[in-house]
Amino acid sequence: MNIIKELEWRGLVKQITNEERLLKAQNDGAAVYCGFDPTADSLHVGHLMMIVTLKRFDKAGFQAIGLIGGGTGMIGDPSFKADERKLQTDEQVKFHATAIQNQLLRIIPDVTFANNVDWLGNMSLIDFLRDVGKDFNISYLLNKDSIATRISTGLSVTEFSYTMLQAYDFYNLYINHNCKVQIGGSDQWGNITSGTDYISTRVGSANTEAAGFTIPLLTKSDGQKFGKTESGAVWLDSNKTSVYDFYQFWINQDDNDCVKMLKYLTFLTKEEIDELEAKHKEAPHLRTMQKTLASEITKFVHGDKELNKAIKLTDAFFTGNILNLDDDLLELAIKSIPTIQLEKTTSAIDAIVNVNAASSKREAREFINAKAISFNDVAVQDENMLLSEIKTIKNNKIIVKKGKKKYYLLEIK
């Protein structure tokens, strides 16, 4: 498989420094790397493009390396950021780095991992200036779009040095791990070319085999940034975003975005995606593309077992059969429903309003009279009934159901 052709039909080629070197690296079975800075204790769906692309290179015969930025994470990448990042403590970076590496090991276990703190952490300022800084011209750095966009608003020396540190990462992996290719999002082009240029300077332009590759940033058809919801980021950690919510995020994607996402984020073939698109055009109400997208990505990130839970829970929410779920699925359901805490002396009508199942007491009464509200599958008939009078589940919890498909969760203090 020609890796460039594979990525081209998927629409994943943004920029390549040198196609010939990239294909030579593939034929030689050289290493490729992608960096992940530990800015949080979990990656989110915005990182999936790079995780999946790294896995594509692995499947194409490269030795894939995931580089955890335990060193560069102490500084923060300024590329196209409006403001300087808040510096993290050493303890925060170590904690985040460990969490992210463990997460990636679960998702892409065949990939090798490294941490740049292993070589940057022991480098003195004198060593950095002598071995790295002397090979970078200030005017060269100022011409980088990723740096130029920050000059007018202010850029510290700390962040200014980031691209040189990343260049040294590539050089270190090139020399010690036969890593000939760095991949990243299109916002990383400046940092990646700093690396290929630095390697060329160190080993000689006639000898270098380094190449850089970027993929486009994923945006939705309406122009909005991909990966955000009203409640915030969609995380790859099931403790931060439940598997059900993760699955639903993909189920709810717009028709106009699905083909692109299937190409970008799954390993389905062109023929399989074309067939899905044709089926969708015949019967769009079945949402075949969305269901396949959700299944493929949830399986990739969380595995078959968790995917099956998400599908069963989706069916249970649709049929209104929540309380008959087994304990594991009921726990997942509870994690996936918006929750508020209320005192046991709260009345039913106040609880309905507080949980946002109704906008007012008048509307709540209308729902009660229409038998449209239930607490743990028992229709509410008395608006003055106290929460203390209701049989709870799972440590003082009450599942509030409005109509057939709207759920809320009350936890009695």
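Residue positions begin at 1 at the first shown residue.
Positions of Cβ are set from backbone N, Cα and C atoms, glycine also.
Lifted from Swiss-Prot, the feature list:
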- Y33, Y162, Q166: L-tyrosine binding site (BINDING)
- 38-47: motif ''HIGH' region' (MOTIF)
- 225-229: motif ''KMSKS' region' (MOTIF)
- K228: ATP binding site (BINDING)
- 346-413: domain 'S4 RNA-binding' (DOMAIN)
The record names Y33, Y162, Q166 as the residues that bind L-tyrosine; what is their largest Cα to Cα distance in Å? 17
The domain 'S4 RNA-binding' (346-413) - residue tally per DSSP class, helix then strand then coil: 19 helix, 21 strand, 28 coil
Quick one: of Y162, Q166, which of the binding-site residues has the smallest count of other CB atoms within 10 A? Y162
Rounded mean pLDDT for the residues that make up the motif ''KMSKS' region' (225-229): 69
Helix, strand, coil residue numbers for the motif ''HIGH' region' (38-47) per DSSP? 3 helix, 1 strand, 6 coil
